[in-house]
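Notes follow once the structure below has been shown.
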Amino acid sequence: VVGEGRGALGGAATMLRSLLLHSLRLCAQTASCLVLFPRFLGTAFMLWLLDFLCIRKHLLGRRRRGQPEIEVELNSDGEEVPPDDPPVCVSDDNRLCTLASLRAVWHGQKLDFFKQAHEGGPAPNSEVVLPDGFQNQHILDYARGNRPLVLNFGSCTUPPFMARMSAFQRLVTKYQRDVDFLIIYIEEAHPSDGWVTTDSPYSIPQHRSLEDRVSAARVLQQGAPECALVLDTMTNSSSSAYGAYFERLYIIQSGTIMYQGGRGPDGYQVSELRTWLERYDEQLHGPQPRRV
């Protein structure tokens, strides 16, 4: 009888502990939603305003005028090199405030709020998948010694990510002797069965399987053949750990996050990555003479 009583008490204690943990998680999620909601409402209101074409053209035009003048860079053949961060264009026929867009915005803001990665902190060693053979690996498997590792999260249906891929590829070509680069293909930013935009260069539905994700990644790989590419898992473990949706840049060195770029589209700046790499290159090899 005593043994049965102790067993019953132990079972009750386990249930009570489980209930307490669930309650704490629920309270934490509720508190985070209360913190995120004002930010989400502000973004939703801005998207609603941008659906008025006169406001959209005024705000986007003012943003372009407010950007600093870009110094023209020439390649070895004397041809002008496109800018690192071409302005984000939004076609007039795109609606920005829809149920699909609000879901995507909430998803991105929630991932950013709960992310494990923070500049100056340890880099999450989240799981990724090789496109060939679907072998599971981890992000830090691609870090070699003290060499910086650049992480570039994105997808084919994200217009800013694709528009800046050529600039990213130029940095890969220029700095790959001292720096490693890794593209992580994540869930689609603008899937054809979700938040659709006519500015997306490709029409790709949401990934239902790793086979879907690798098919989309193959398209991207054609434009970045010199850079290693892996897939995020179907549970989006890397995108969640790094708050990378819609797109994002990171630099890891010796297991520490040395640079955390802003969340796309506005915070995704290849020019910031270039500045960091230039400074790192100067530390290694001294300042390079500027071409006149």
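Numbers here mean position along the shown chain, with the first residue as 1.
From the backbone N, Cα and C atoms, a Cβ is placed for every residue, glycine too.
On a predicted model such as this, the values are computed, not experimentally measured, just so you know.
Copied over from Swiss-Prot, here are the features:
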TOPO_DOM  1-30  topological domain 'Cytoplasmic'
TRANSMEM  31-50  transmembrane segment
TOPO_DOM  51-292  topological domain 'Extracellular'
ACT_SITE  Unk158  active site
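Within the model, the topological domain 'Extracellular' (51-292) carries an average pLDDT of 89. Remote same-chain partners of the transmembrane segment (31-50), defined as residues 6 or more beyond its termini with a Cβ less than 8 Å from a stretch Cβ, comprise 56, 59, 90, 96-97, 101-102, 105-106, 109-110, 113-114. In the three-state DSSP classification, Unk158 (active site) falls within coil. If you draw a 10 Å sphere around the CB of the residue listed as 'active site', it holds 27 other CB atoms from the protein chains shown.
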